[in-house]
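Annotated features in Swiss-Prot:
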SIGNAL    1-28  signal peptide
DOMAIN    31-112  domain 'Collagen-like'
MOD_RES   Pro36  4-hydroxyproline
MOD_RES   Pro39  4-hydroxyproline
MOD_RES   Pro42  4-hydroxyproline
MOD_RES   Pro45  4-hydroxyproline
REGION    45-113  region 'Disordered'
MOD_RES   Pro54  4-hydroxyproline
COMPBIAS  54-71  compositional bias 'Low complexity'
MOD_RES   Pro63  4-hydroxyproline
MOD_RES   Lys75  5-hydroxylysine
CARBOHYD  Lys75  O-linked glycosylation site
MOD_RES   Pro81  4-hydroxyproline
COMPBIAS  90-99  compositional bias 'Pro residues'
MOD_RES   Pro93  4-hydroxyproline
MOD_RES   Pro96  4-hydroxyproline
MOD_RES   Pro99  4-hydroxyproline
MOD_RES   Pro105  4-hydroxyproline
DOMAIN    115-245  domain 'C1q'
DISULFID  Cys179-Cys193  disulfide bond
Amino acid sequence: MDVGPSSLPHLGLKLLLLLLLLPLRGQANTGCYGIPGMPGLPGAPGKDGYDGLPGPKGEPGIPAIPGIRGPKGQKGEPGLPGHPGKNGPMGPPGMPGVPGPMGIPGEPGEEGRYKQKFQSVFTVTRQTHQPPAPNSLIRFNAVLTNPQGDYDTSTGKFTCKVPGLYYFVYHASHTANLCVLLYRSGVKVVTFCGHTSKTNQVNSGGVLLRLQVGEEVWLAVNDYYDMVGIQGSDSVFSGFLLFPD
């Protein structure tokens, strides 16, 4: 009998069935087990079963040991520009810029009060037939102008109220020798003398002084004191502020 390769599975299956039937028959007749048959060939794999139910959650694993830090990577491409940040603190002042061109003239301002604030002027005369006493202060008793009241006729002294540069001048009539001395706060500044004998003559002098507030100026005579003040022969003392400080 010629057996090909394709009939081997069928032949093996038949032999297996024959071996299974032989013991059953021998047991029924004699009561003894037969010799076990040879194991059959493995069957074909069965179909996959259904998925089982999820198992319980496992225990946390052991933390892994940190690995060694790798080398620095290559520089990446520049990113997109970010949003503008908040304003920082003010920086230090910069260097002065180049002066700009001159602007057009502005409107005239209001008239100032310079003249009202800084004025000092007086003119007084000596109207008496009696000359001053020797080596004494000369009092001028008649006021021609004294709007600020800086000259006091009771004391014969000018008192500075506005600091600045002043000019003082006098014209004295006399018929005998006369020397006029100008004092500043007790210190003699200048002396003017005129000499005559029984004739009317005029002695004049002037001086510029820079005064501070509270300083005083007056005229005096020495041993030559023949100053008169009569109609037609006046003696005048004047002073005024030129430039305030």
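Each residue's number is its place along the chain shown, starting with 1.
Here the Cβ of each residue, glycine as well, is placed from N, Cα and C on the backbone.
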Determine which residues of the chain contact the compositional bias 'Pro residues' (90-99) at the Cβ level, with the cut-off under 8 Å and only residues 6 or more beyond its ends counted.
none
Across the region 'Disordered' (45-113), what are the DSSP residue counts per state (helix, strand, coil)?
0 helix, 0 strand, 69 coil
Give me the count of other Cβ atoms within 10 A of the Cβ belonging to Pro105 (4-hydroxyproline).
6
Would you kindly give the Cα-Cα distance separating Pro42 (4-hydroxyproline) and Pro36 (4-hydroxyproline), rounded to the nearest Å?
17
Which residues, sitting 6 or more apart from Cys179 (disulfide bond) on the same chain, put a CB under 8 Å from its CB?
Thr191, Phe192, Cys193, Gly194, Val221, Asn222, Asp223, Tyr224, Tyr225
Measuring Cα to Cα, how far is Pro99 (4-hydroxyproline) from Pro93 (4-hydroxyproline) in Å?
17
